[in-house]
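Accompanying notes for the structure given below.
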2 protein chains.
Amino acid sequence: MANIAKKVSWSSRAEESGVAGERTPLFNGSEQPRLSRQLSGGGSVFQIGRLSTVDLEEEITSDEDSQRGRPKEIPHNEKLLSLKYESLDYDNIENQLFLEEERRMSYMGFRCLEISRWVVCGLIGFLTGLIACFIDIAVEELAGIKYQVVKQNIEKFTEVGGLSISLILWAVLNSSIVMLGAIIVAFFEPIAAGSGIPQIKCYLNGVKIPRVVRLKTLVVKVCGVICSVVGGLAVGKEGPMIHSGAVVAAGVSQGRSTSLKRDFKIFEYFRRDTEKRDFVSAGAAAGVSAAFGAPVGGVLFALEEGASFWNQMLTWRIFFASMISTFTLNFFLSIYHKNPGDLSNPGLINFGRFESDVRNSHCVFFQLYVVCGLLGALFNLLNYWLTIFRIRYVHRPCLQVMEAMLVAAVTATVSFTMIYFSNDCQPLGPEHTEEYPLQLFCADGEYNSMATAFFNTPERSVRSLFHNQPGTYNPLTLGLFTLTYFFLACWTYGLAVSAGVFIPSLLIGAAWGRLFGILLASITSSGSIWADPGKYALIGAAAQLGGIVRMTLSLTVIMVEATGNVTYGLPIMLVLMTAKIVGDYFVEGLYDIHIKLQSVPFLHLEAPATSHWLTAREVMGSPVTCLNRIEKVGTIVDILSNTSTNHNGFPVVVQPAKLCGLILRSQLIVLLKHKVFVELARSRLTQRKLQLKDFRDAYPRFPPIQSIHVSQDERECMMDLTEFMNATPYTVPQETSLPRVFKLFRALGLRHLVVVDDENRVVGLVTRKDLARYHLGKHGLEELQVAQT
Amino acid sequence: MANIAKKVSWSSRAEESGVAGERTPLFNGSEQPRLSRQLSGGGSVFQIGRLSTVDLEEEITSDEDSQRGRPKEIPHNEKLLSLKYESLDYDNIENQLFLEEERRMSYMGFRCLEISRWVVCGLIGFLTGLIACFIDIAVEELAGIKYQVVKQNIEKFTEVGGLSISLILWAVLNSSIVMLGAIIVAFFEPIAAGSGIPQIKCYLNGVKIPRVVRLKTLVVKVCGVICSVVGGLAVGKEGPMIHSGAVVAAGVSQGRSTSLKRDFKIFEYFRRDTEKRDFVSAGAAAGVSAAFGAPVGGVLFALEEGASFWNQMLTWRIFFASMISTFTLNFFLSIYHKNPGDLSNPGLINFGRFESDVRNSHCVFFQLYVVCGLLGALFNLLNYWLTIFRIRYVHRPCLQVMEAMLVAAVTATVSFTMIYFSNDCQPLGPEHTEEYPLQLFCADGEYNSMATAFFNTPERSVRSLFHNQPGTYNPLTLGLFTLTYFFLACWTYGLAVSAGVFIPSLLIGAAWGRLFGILLASITSSGSIWADPGKYALIGAAAQLGGIVRMTLSLTVIMVEATGNVTYGLPIMLVLMTAKIVGDYFVEGLYDIHIKLQSVPFLHLEAPATSHWLTAREVMGSPVTCLNRIEKVGTIVDILSNTSTNHNGFPVVVQPAKLCGLILRSQLIVLLKHKVFVELARSRLTQRKLQLKDFRDAYPRFPPIQSIHVSQDERECMMDLTEFMNATPYTVPQETSLPRVFKLFRALGLRHLVVVDDENRVVGLVTRKDLARYHLGKHGLEELQVAQT
């Protein structure tokens, strides 16, 4: 277990709640599930806390046993909830300082703020578009060089024999490029691995994933993705754009870079979680928009993942950022393609326009759905096992680099073998769209069709599958390609390289769909209707992607926008929904799997359906560590220093325990740092009034309590929290049902929710992990174990 | 003022809050603004309640004077807030009955519910599509007959002279058809007038507009819109589809029709505001989708207007309904057009595909924006004055019918005159798309170009303007057409007929845009780039529509989807945003104007920017009429019968005034009706346990208190509210700032929010009108007057 803890790359410092006692961690850091299995079918609420202690003990014991017996075993790792993640606070901290500032601000001030929000969103879109453009051009150029070198080499050796040298050249080239990408990711910034979409999902959900929006991450991400794509891995460059956009947004909106130690003294108002998260939504949307040329899809992605509370102005800004992003990319790419002003290539991947409309006779598509859902589920399942294996055995950076190199070499070898043994020759027509046609053993004027699929960037392959004339591929080629690429892509996702899973999924689905289309045409032989296998490729691609990532609405819109033909909306939507339903029956979506494997306390949109019989009383953490409104400095320091609890939010009370506010660890830290003490006995310190600016300057990297020195004299001083605490925290009574608590918490994006009794006394505190613990398993409501690590 | 009250067609019975005292209505039903003007710039919060009573008195006196002096005058009618509208409750009433039901329900039960939600959404989409199809076919057929008759008549009289007979025939035909439409609207269901979009906006916002989702409204709406369009008014059939979809949704989802007195005993779970409102969102989206073939636009419309809390499953269902709707329409229309299976006409209005892509050289479009924003604002302003005039003088049904007939006749006359005096003849090519080409005085083989615009359904005219070859129209024709159609459309909107404003706006904009394109081409004479005036027509149409209705995101998507070309997204978005910004500077959007003129307490997305210095204490209504947990029946009856307060929600307290729940008027009514009394002294009644079903059966038309007979003996009985009250209402402390209260209220869709002191005692109640009162005017924060009527 400690093993896993070390591996899990999204590490963090602090636990969320302000709850002391009761939560004594067991030796393995997990906590007993308060909700015993016997109760999952229903039953009286009031027995839960106390019931079946014996059962619980037994369970724990057997758990410990299994831990001792098989120390390497990971028992239901996805059924843990880590306490190490902090939450973002989407609720404004409305303390007196904040209110005073807001009240001082004139209407014009608010207008200016609004305008700067638009400016920031425009900047985010522009920069994201530029980055996408940079990645695209870099990949095009480098891949071009690589393919030219390999092609010449192959052509040279095809005649004289000794193609194994070509194979070695290809494999070594790929491996070394991928090694570069893997090294920067594994050694410098492990968080930049993968597509980054799970991390951004978590961030937008309100979980603070450390280092996820830093400049260094962006740099590593961009270089990493170029290396992976050029290195010929079965990956796409689209997924990472979403992460890149988010980092750009987090950087631009703060008007400074903590990494570069530059503060431009602008946008200081936006230095808090609420505003930052809004901008990160916009950045993610701009990323989607740049990747797929799908601005509306980007907005919907941001909303699906991020927005709990729909805000019209925010949505417009997100849309604006998306538009600017796709426009920027399009504009610069049109210059690069020497066709300035041609705005018909709005994204990194462009499916090409499907001119013909869908006819309802194509509802035969339906047959594809189930199969693709199954294939998606299989992909996820294989990748899940692989990820568990990696967590357990491949957790040292050098091992990770070696695995990446191995995958690169294997990919090259498999591709080469497939091309070598394929005898699918196609005539090289005047209208051929292949960039690097490989002749190999084909007759003059022909090219190897298998090479079209393998010896190409995946984006081009997808487009060929969608748009090439019927008859370009023969079924055997497609079948073999699907099979090999499926396993390669599955192996690749989760490597320590920056790479997306969108394009490989599309490619597998497109190949499989086209195959299906060809077979169907040959069976029915009613050529006119089934003539276009490209449509089947499109639907297959949608189904495969949907089966893997399980986004429905935003993915539909993304596909429709990338296709440029609205009439494909309904079939694509039906395909995606079926793929989701079929897939969900077996295993979760790929991103959700990876989120669960990291034990992130991810809050879904609604409380589990059958959770009405739980109330705040059962859910909350208690007793709560409260502070007095005028509290001794020593007490505060002691509470903050208590590493066994490590709380982040503290209700402030006046005796007897009446709630009068809520204060955060970060605020207390700033107060201690500036020594805002009431009665300094023999102090040299001038007591200056603290401004909001002091809190904003410290945001978001507040120093740890250990770095703040408080002398013995100062410990005796008092601290008046009145001005700094949020005087009106949201509260719920103890009898509130879990769905109601959940709704309030999720809709307002809270971090702490105080539970009070009917005399307004604090009795508990609900935080993210208290709600994220409950989920619907196969046997009704289940409770996840909570782990310290 | 009473005058207005009689006129305002969205009447209702009850006032919202449970607040007694203080709010003594003045003679004119308006209340003194608690927020004095002096304070709008800032200042201490605690003086507000008490400050400047003299000022207020003076203001009121002068107000009264003005009322007496000019009884017909409407002083700032849009600055009133009516108390007569009830709210919808988007928050579940979690009382014991509800919780027991939820707890009894198994996981499979919830799955079945979820499936029935999908089924209902599918049905909504299907029926909405069918209705759209019916309207379309009816309009096509009837308009076809009308135009054939008129055309033959004109052709007959063109040669022999005496075209005035044709004019009279045309005018009489139009007037009588419109008369029919106006009669059913004005006499049978006034709520069916107009496009219905403002009403649906209000409904989705949470305001209960009486009769807006009834079957009768739907029937009148559908017949009315057919009459208006066939009658040749400057209207479209698209707007009413949104209303129609919403009615379908409200009907289908309840599994019964109160109007037809049929209860199918299905979907009983959905008989509450929360679920119903979700379905109405889906219905509205399906309506948009059917009208414009824009399923994603429909979803975004529903979200923009309705959803305060983003719910992924709900969004998918909405999308599903939209998809089914556009698919159904498309399918049946393809059969009607004898081309079954051709799914390329997804909506009622179809802009036709814009094949060519936008190039950035088209950024000259920018010059259009400002002008179109101005034109939109002018349209709204004229219509605003017209509406005020109508409210004051044209409020009797027969007058309304006569006005509608007058407009129809004038429209016909103007059109005829324009056609008659136009000498813009165009050759009748083989590829001509005109359905009814009028030769008039043109040479053989030519047709009158002005007639293309006027002598046609507006949808066809729009399509001609978008797609006809350059040179089809001459500038003078377009200029004259724009001018006359502008005023006709402006006059028409607000008549007592069912009709939409989308198509006329598009038509004005398209004509104006095309004119601009032609002029630009003739100036620059660089033919190749500016060759296609159709693009200018599209952008002009978007700008004009945006300037009038001011929807941005959803409208962009609707336009893009209707165009079928994603590359138009950015220019359309920029156009719409500019039109909105320019337009907002002068006057609000058309729908907002009409909503304000009805004094609806519409809640915007956020509290006004400068409202941080207001707190719940100032905003709330107090003192509150509270009930005891075990209350005397007589007291309850008296409180409910008190017509001067007419409250809808009552906090339930235990002594001393500690909050323990919240109960609604509707619940109390059901309790009284079923005589759920605790100690019946000499009762013949068997005391049966009340079920949730009893509440659902009474929903949504709860009987008035007057219809319930309570005997003198029964008045002495007690009623135990424990089981029926919502035991965990949301509360806020008194010091909570207005934006915070607003956010909680809006995000959770509340109807009542209890304000408590630090001992959890009820001190006030915040309802919709308390929040809707505050708005940002020209001089900072303003407070609307609250009127009883």
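Yeah, the Cβs are placed from backbone N, Cα and C, and that goes for glycine too.
The region 'Disordered' annotation in TrEMBL covers B:1-42.
The compositional bias 'Polar residues' annotation in TrEMBL covers B:27-39.
Among the features that TrEMBL reports, transmembrane segment is placed at B:118-139 (among others). Proximity of distant same-chain residues to the transmembrane segment (B:118-139), defined by a Cβ-Cβ separation under 8 Å and at least 6 residues beyond the stretch ends, is recorded for 218, 222, 225-226, 229-230, 237, 240-241, 244-245, 248-249, 252-253, 267, 270, 279, 282-283, 286-287, 289-291, 317-318, 320-330, 332-333, 336, 348, 457.
What TrEMBL lists as transmembrane segment is B:167-188 (among others).
Annotated transmembrane segment per TrEMBL: B:218-236 (among others), in sequence order.
Under 8 Å from some Cβ of the transmembrane segment (B:279-302) lie the Cβ atoms of residues 120-121, 124-125, 128-129, 131-132, 200, 203-204, 213, 237-239, 241-250, 252-253, 270, 314-315, 317-319, 321-326, 328-330, 345-350, 502, 551, 553-555, 557-558, 560-562, all in the same chain and six or more residues away from its ends. The annotation transmembrane segment is assigned in TrEMBL to B:279-302 (among others).
For B:314-336 (among others), the entry in TrEMBL reads transmembrane segment.
The transmembrane segment annotation in TrEMBL covers B:364-386 (among others).
Annotated transmembrane segment per TrEMBL: B:398-421 (among others), in sequence order.
For the transmembrane segment (B:476-496), the residues of the chain that approach it from at least six positions outside its boundaries are 182, 185-186, 190, 193-194, 233-235, 375, 379, 382-383, 386-387, 390, 397, 400-401, 403-404, 407, 410-411, 414, 418, 422, 424, 449-450, 453-454, 504-505, 507-508, 511-512, 514-515, 518, 590, 594, judged by C-beta separation under 8 angstroms. Sequence annotations record features per position, and here TrEMBL assigns transmembrane segment to B:476-496 (among others).
Note on the transmembrane segment (B:502-524): residues 195, 234-239, 291, 349, 364, 368, 372, 375-376, 379, 453, 458-459, 461-462, 465-466, 470, 473, 475, 478-479, 481-482, 485-486, 488-489, 492-493, 530-545, 548-549 of its chain, located 6 or more positions outside it, place their CB under 8 angstroms from a CB of the stretch. Annotated transmembrane segment per TrEMBL: B:502-524 (among others), in sequence order.
Sequence-distant neighbours of the transmembrane segment (B:536-560) (same chain, 6+ residues past either end, Cβ-Cβ under 8 Å): 197, 288, 292, 294, 296-298, 300-301, 303-304, 351, 354, 365, 368-369, 371-377, 379-380, 462, 465-466, 501-502, 505-514, 516-517, 520, 566, 568-569, 571-573, 575-580, 582-584, 588-592. If you look up TrEMBL, you'll see B:536-560 (among others) marked as transmembrane segment.
Under the heading transmembrane segment, TrEMBL lists B:566-587 (among others).
Annotation source TrEMBL lists domain 'CBS' at B:725-783.
Tertiary neighbourhood of the transmembrane segment (B:314-336): same-chain residues 117-118, 121-122, 124-126, 128-130, 132-133, 136-137, 245, 249, 278, 281-283, 285-290, 293-296, 298-299, 302-303, 307, 342-348, selected by CB-CB distance under 8 Å and a gap of 6+ residues from either end.
The average per-residue pLDDT of the prediction over the domain 'CBS' (B:725-783) is 89, rounded to a whole number. Long-range contacts of the transmembrane segment (B:398-421) within the same chain: residues 163, 166-167, 170-179, 181-183, 186-187, 231-234, 390, 438, 440, 448, 450-451, 454-455, 480-481, 484, 488, 491-492, 495-497, each at least 6 residues beyond the stretch ends and with a Cβ under 8 Å from a Cβ of the stretch. Counting residues per DSSP class in helix, strand and coil order gives 16 helix, 25 strand, 18 coil for the domain 'CBS' (B:725-783).
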